[in-house]
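Peer 1: Below you will find the structure I want to go over with you.
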């Protein structure tokens, strides 16, 4: 009886399943006829029973945002809480208040992630549905938000669990999001919520430029079109790199010159408010296939206090137009880290230059405007798209989580690593290997013992090389840890899809013992963006010709090739290996340890030399008189790619003249004091100095040039006639001696002098001046020895009274 019943049962199941599939197909055809190309409310089980599914089914948008950013891409997930499941679904996005009867009622667009699981509806191309009616617990698609001005959007999902049971338009299957007003100060929600995630996360930012003549033909600049270097950072909510408000000096320099230097200084000055400075290379030209194949990218990290990221890049040439993200939150409300952000970027104006076309001359905006998005309603000469229509994105940024570090605090594990961590009840103690035990390094972990999606264990080994103290036991040479098998179903978000093992490589040794390797690769990474921990390489010992010749040596495998020596056209690259064991006979190892080969890089693309305008002249280098002033300009195109002359003038210097500097009075040093003008009694003596430079242009006036002081040699005494005669003779004697000295030691007068001239006029009317008089030679006498006489000069003070 049981044998008869079993085939009948399976026949009934197969028949029911076929009827269910036919029901779906009939329903799809019927709706296709009625919809006439548009989507009305689509029910996948019109005659079935509608139930409440608040506790079993839900639709989630990654990050659970209340607002959407125009052009941003979001991951949408429909979930069934175990043990519930569903077989079919429909997902649409409608403008608020619309029923989907017209094509323009729908908002944004969906992107298929897994074509084996989801597809666009044949009778409603803007909606997403299942590919096959099988059991499932989750599906995921990407939804790209509509352009600016769309307003609020409602995502609606319908769930078919069985042929006669469906769920639709309930709170958990409906998500309402409104457009974020980018013109508001800050461009984000009023407040940034605190982050509750644990540990850190590492992300990779990849920038895809789509600014090409084909996509944006109006006034496209064929010369020197480029993207500047990307500059940004991961930061806290206390710091804003840029926002839809006033541009900082760093933003202005990026927007006008494409230089990230000032912006990087501003970021680094914020200290602990910034975790990572994000930098990526510039792109010359702005679009080429290489930019898509090897798009500029940069890696950065976030943590609980610095969970926001911002960046910007200039499109050049342009007045001050840029693209970028500001304060993008990578922390989720579930205390985890966002897996992926994909956003199309539209240009924005920094508000520092009033130019309206790509190559408008510099026209500073005074006073400076606020940063604002470019729209199709800007100046008629602006290269914006169709007037009044949407702005076509000119770039796309993809931010992907590539690693998580530290203890994570997600409530629900979302990858194999998290599940394995739950299996370990106690952390292993630190390595307590005794110093007397010498081991080899641990081998790689073996494959998990479970071939299915179940708990298992894996093993690694090491060899005991030496036991220095036999009384001290050495720990085990094998180590085990729990693991999850690689056979998890496609519904597991953390499953890695692996290829088959590739055949074993040749043995690494030409003789004796070596190693052979086999590899496999990751065909598909987990949906949640976590890293695959499944081993991709296995090694095994191998023996070739058990006895090696004495002169042979053992070398390691070749290392990876180094980077090409050239950035374009022909270059050279190297790789190295090391000698593991020299020949047993002591001879030199003849194996090559370095290998060189040619490498070909993309064609060298030179670009026109692009210079910024000359800056204003600097102030004169002096405050008066003659000096110099300078002005500068910057090289905007990378020197390694441009055809700029190395001797290109980037700095100019010219002379400048300011009013004459004041010149103060200058004098000689004081002369020695003269002799006292009296031989006895009270007298005085003087000293003088000369003016070498009169004061000019308001300089300091000249001080006194004559100083006098009192002198007294001895008291004068009354003398008798003989004494007076004696004094007279003494004076005559001194006079004759003086004449002798003046005539270079002649014993007798050899010349006749003219009388003294009159005193010259005083050099000053007051404050001390000087007078001079002169005595010249009248006649010279000749003798057997030729001698000569000297002219004489006397100086005295005059007008010494104060002015």
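Any Cβ shown, glycine's included, is placed from N, Cα and C.
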Peer 1: Can you tell which of 441, 677 Swiss-Prot marks as N-linked glycosylation site?
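Peer 2: In Swiss-Prot, 677 carries the N-linked glycosylation site label; others show none in the record.
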Peer 1: Given that Swiss-Prot annotates 349, 353 as Ca(2+)-binding, name the residue from 272, 303, 320 that shares the site.
Peer 2: 320
Peer 1: Examine the ranges 722-741, 742-761, 762-781 and name the one recorded by Swiss-Prot as region 'Disordered'.
Peer 2: 722-741
Peer 1: Using DSSP, what is the helix/strand/coil residue split across the domain 'TSP type-1 6' (750-802)?
Peer 2: 0 helix, 21 strand, 32 coil
Peer 1: How about long-range neighbours of the compositional bias 'Polar residues' (354-365): same chain, 6 or more residues beyond its ends, C-beta under 8 Å?
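Peer 2: Beyond its ends, the compositional bias 'Polar residues' (354-365) has Cβ neighbours at 219-221, 256, 317-320, 378-379, 381-383, 613.
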Peer 1: State the count of C-beta atoms found within 10 angstroms of the C-beta of residue 568 (disulfide bond), not counting that atom itself.
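Peer 2: Looking across every protein chain shown, the total is 15.
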Peer 1: For a three-state summary based on DSSP, what are the helix, strand and coil counts in the compositional bias 'Polar residues' (354-365)?
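Peer 2: Helix, strand and coil residues of the compositional bias 'Polar residues' (354-365) number 0 helix, 1 strand, 11 coil.
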Peer 1: Any idea what DSSP makes of residue 331 (disulfide bond), helix, strand or coil?
Peer 2: strand
Peer 1: Please work out the number of neighbouring Cβ atoms within 10 Å of the Cβ of residue 564 (disulfide bond), leaving out its own Cβ.
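Peer 2: Counting Cβ neighbours of residue 564 (disulfide bond) within 10 Å gives 17.
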Peer 1: Spatially, and counting Cα to Cα, which of the recorded positions is closest to residue 483 (disulfide bond)? Options: 335, 564, 568, 677.
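Peer 2: That would be 335, the closest of 335, 564, 568, 677 to residue 483 (disulfide bond).
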Peer 1: Run through the Cβ atoms and count how many others sit within 10 Å of the one on residue 553 (disulfide bond).
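Peer 2: For residue 553 (disulfide bond), the 10 Å Cβ neighbour count is 19.
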Peer 1: Name the one residue among 210, 335, 409 whose Cα is closest in three-dimensional space to that of residue 568 (disulfide bond); these are the recorded positions.
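Peer 2: Going through 210, 335, 409 one by one, the closest to residue 568 (disulfide bond) is 210.
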Peer 1: Show which residues of the chain containing residue 542 (disulfide bond), separated from it by at least 6 in sequence, have their CB under 8 Å from its CB.
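Peer 2: Counting only residues 6 or more apart in sequence, the Cβ neighbours of residue 542 (disulfide bond) under 8 Å are 507, 508, 509, 513, 514, 515, 516.
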